[in-house]
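Annotated features in TrEMBL:
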{"type": "TRANSMEM", "residues": "B:14-34", "note": "transmembrane segment"}
{"type": "TRANSMEM", "residues": "B:39-58", "note": "transmembrane segment"}
{"type": "TRANSMEM", "residues": "B:64-86", "note": "transmembrane segment"}
{"type": "TRANSMEM", "residues": "B:98-123", "note": "transmembrane segment"}
{"type": "TRANSMEM", "residues": "B:143-165", "note": "transmembrane segment"}
{"type": "TRANSMEM", "residues": "B:227-249", "note": "transmembrane segment"}
{"type": "TRANSMEM", "residues": "B:255-275", "note": "transmembrane segment"}
Amino acid sequence: MLEFIYEFRYAFAISLIVGIICPFVGTFIVVRRLSVIGEVLSNMSLSGVALGSLLGSIIPFSFVPTLQIYGTFFAIIGALLVEWLRKRFPSFSEISIPILLAFGMGLSVVLFSAMNGFNVNIQAYLFGNLLAVNKTDLITTLVIGCVVLIIFLLLYKEFFAVTFDAEYSRLIGIPRRLIQFLLIIIIALTISVTVRSIGSMLVSGLMVLPVATSLLISRGFKSLLLFSMLFSVTAIFIGLFFSYLFNLATGGTIILISALLFLSVLLIKKWGFQTSIANSKSY
Amino acid sequence: MLNDFLQFDFLQNALLSGIIIGIVCPIIGVFLVIRRSSLIADTLSHVTFAGVATGLFLQKQFSFFQVISPVSIGTAFSLVGGLVIDRCKKIFRSYEELALPIILAVSIGYSVVLISLADGFNANVYNYLFGSLTAVSDKDLKWIFAIALIVLFIILLLFKELFFLSFDEEAASSSGIRVKFVNIVFTILVALVISISLNIVGILLISSLITLPAACALQLSNSFKQMFLYSILISLVAIFSGLFLSYYFDIATGGTIVLVLSTILLIILLMKQAVKKLISIERMKVIK
């Protein structure tokens with residue numbers, strides 16, 4: 001057991017960071033009813049990564065910055081495009097999401113296939129490989145994770161106000177658009193840093209599932225945050241262990257474990273609720 | 001270039017099935033977009049992927065399953081999934097839209113785990129995910145044709161009901177249309193269409209073939225009929241040019257089709273904006 005932890009110490013460190021920031025960001029996304037936006041941003045950031053690696057393979061010496069930067073940049077563009085498309089379809093604003101989902105995926109597929117077909121690369125970016133991370137990944141994740149957390153801690157009140165009461169926040173003079181834009185940048189950063197370990201197809205699951213689980217049991221915003229972090233870190237650790245033990249895909253295992261957590265909380269709650277009703281009836 | 005398409009069987013098959021899909025997908029898409037449930041196509045295609053992965057896994061484990069193609073198991077999954085999704089939405093009363101990313105993530109996670117249990121990611125899996133020009137065999141073509149005919153027939157049969165439901169569900173139900181029944185039939189149609197488009201465009205991109213043409217047509221048309229016409233026209237143009245471009249440059253077929261569609265949408269949106277600006281400038285001149 002200890003050897004296992006030592007062998008995959010980078011994976012464990014990364015999963016601790018990711019397991020904290022993903023549900024943190026996810027809580028704000030879910031509460032603002034933007035949970036589908038995570039999908040769009042992750043698809044867009046995938047195409048950014050594809051463009052980055054295409055440029056990297058064309059340009060011989062590597063002054064191309066890390067792929068995460070391309071990913072973040074594209075994810076931000078994606079968020080802006082969502083807004084732009086929403087205005088273009090005034091009475092069907094929800095259609096902007098599937099359009100951009102398709103565009104991001106199509107672009108990344110074409111870019112990846114332009115570089116000598118689908119190789120190991122695209123698999124790693126689609127579905128992630130947490131067990132294969134190295135020291136550089138850990139440093140990138142650590143830096144971006146710290147940035148995200150610091151921005152959040154500094155602006156917690158502002159984010160909270162904008163999320164729950166837009167009108168009130170305007171009254172007390174919070175620059176709403178700036179805060180919203182910052183939130184989008186944070187989401188983009190989180191996604192592009194998580195893609196390496198969980199994979200772009202599964203990032204939004206990690207952002208949404210733990211939050212959905214704790215939404216079932218928590219009674220306030222703070223407990224929502226805490227519980228969702230607890231659930232996500234638990235799921236990631238168990239998933240990491242299982243995927244190593246049975247040689248399964250890491251990202252998929254993590255998502256399945258968090259889905260199991262969700263399901264069991266749901267069933268326990270339902271069962272408990274019904275028995276309490278039955279009890280109250282008997283009285 | 002064109003000779004190749006006449007000469008090689010696999011390209012002919014791709015072209016023919018492209019035409020069929022290019023007609024059926026946007027028809028379903030128009031209904032979905034008007035009903036504001038365009039994300040259903042995304043969800044169902046991901047659920048189909050879960051089924052395909054199950055099929056691949058079973059084929060690997062039990063020789064008995066060699067007979068059953070993974071695609072048919074995928075279709076079965078999306079049929080069941082379509083019926084379950086509505087129930088999932090009820091779990092979160094105030095956060096209905098949460099159900100969708102959860103289903104997306106869980107089905108992808110499940111499929112990835114199963115695939116890693118079977119053969120791992122090989123060319124076969126990538127064909128299912130992203131589609132391929134060479135993936136359509138003669139037998140597939142016959143299936144695609146047959147299912148497309150059935151789907152079109154049912155749509156013609158239920159056209160009035162679907163039309164009514166798309167615009168006003170409450171009025172439809174009060175005027176005696178069996179809303180639940182029609183909805184279930186429609187979900188089955190979506191699942192069927194996804195299963196036949198899977199070979200060419202791939203699971204991750206099917207939904208774009210369903211929603212993007214309808215989105216383009218939404219910008220151009222003034223009536224429901226026009227919307228059908230425009231969306232079919234646009235999707236056919238995109239599929240043809242996508243097939244040719246992807247063959248010519250040797251890039252992924254499904255992705256190319258999607259990029260052509262997005263370019264068409266972008267051009268339409270920009271032109272509309274330009275026209276609006278021109279009109280407002282003219283008006284300003286008149287006022288002055």
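Any Cβ shown, glycine's included, is placed from N, Cα and C.
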Recorded stretches the transmembrane segment (B:143-165) and the transmembrane segment (B:14-34) touching, at least 3 CB pairs under 8 Å: yes
Recorded stretch, among B:64-86, B:98-123, B:227-249, B:255-275, maximising Cβ pairs under 8 Å relative to the transmembrane segment (B:14-34): B:227-249
Cβ-Cβ under 8 Å with the transmembrane segment (B:64-86): same-chain residues at least 6 beyond its ends: 40, 43-45, 47-56, 58, 99, 103, 107, 128, 184, 187-188, 190-192, 194-195, 198-199
Tertiary contacts of the transmembrane segment (B:39-58) (same chain, 6+ residues out, Cβ under 8 Å): 28-29, 32, 65, 68-78, 81-82, 85, 100, 103-104, 107-108, 110-112, 114-115, 117-119, 124-125, 128-129, 187, 190-191, 194-195, 198, 203-204, 206-207, 210-211
Positions whose Cβ lies under 8 angstroms from the transmembrane segment (B:227-249), at least six residues beyond its ends: 1, 4-5, 11, 14-15, 18-19, 21-23, 25-27, 29-30, 34, 133, 209, 212-214, 216-218, 220-221, 255-261, 264
